[in-house]
Amino acid sequence: MGRKGTLTFVLLLGGGACFISGFIPKEIEWLIVTLSLVGKFGIAAAFAIVYVYSAEIFPTEYRSVGIGACSMCARIGGILAPFISSLATIYQPLPLLVFGVLSIISGLLIILLPETVGCELPQTLQESEDFGSDQSIWYFSCCKSRSNDLTGEVNEGLEEQKI
């Protein structure tokens, strides 16, 4: 599975679950809790994937600076999260709606990035700018044909798909 498709899926799943749970009546508490946990799962999965994906997008000579900048932005989000949670005093489901909308927007923006699985990673800034220029923004590598480097055999059970 490619990083782009997986990250898009878990962000949209988590964001959609959080957003929908904001509109569920308080009387159906079990559904709110279930959707909130699905949202938390999606965001936790995205957190695990985003570090691998972002490391693959930055060129080698700027990778540590790029990962540091991404980590700093993530920490800013961590600092703001309690303040967003306090919006519940204004309107109870507002934090879930804010987190859901931000996650959905992030999931949609990931579509604009290139798929990295099976590609030679960029080494220079120029290679990074050209990286993914041969891919459509709708390209997701769900199952990619892989060859065994030692024997040169291709696993026919896996195919490249474009969605």
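Just so it is clear, glycine is given a Cβ too, placed from its N, Cα and C backbone atoms.
On the 0 to 100 pLDDT scale, the domain 'Major facilitator superfamily (MFS) profile' (1-118) averages 90 in the predicted structure. Residues or ranges marked as domain 'Major facilitator superfamily (MFS) profile' in TrEMBL: 1-118.
Marked as transmembrane segment by TrEMBL: 7-24 (among others).
Annotation source TrEMBL lists transmembrane segment at 30-53 (among others). Proximity of distant same-chain residues to the transmembrane segment (30-53), defined by a Cβ-Cβ separation under 8 Å and at least 6 residues beyond the stretch ends, is recorded for 3-4, 6-7, 10-15, 17-18, 20-21, 24, 67, 70, 74, 96, 99-100, 103, 106, 113, 116.
Annotation source TrEMBL lists transmembrane segment at 65-84 (among others).
For the transmembrane segment (90-113), same-chain residues at least 6 beyond its ends with a Cβ under 8 Å from one of its own Cβ atoms are 4, 7-12, 14-23, 26, 36, 39, 42-43, 46, 53, 57, 84, 132, 137-138. The annotation transmembrane segment is assigned in TrEMBL to 90-113 (among others).
Across the domain 'Major facilitator superfamily (MFS) profile' (1-118), DSSP helix (H, G, I), strand (E, B) and coil residues number 95 helix, 0 strand, 23 coil.
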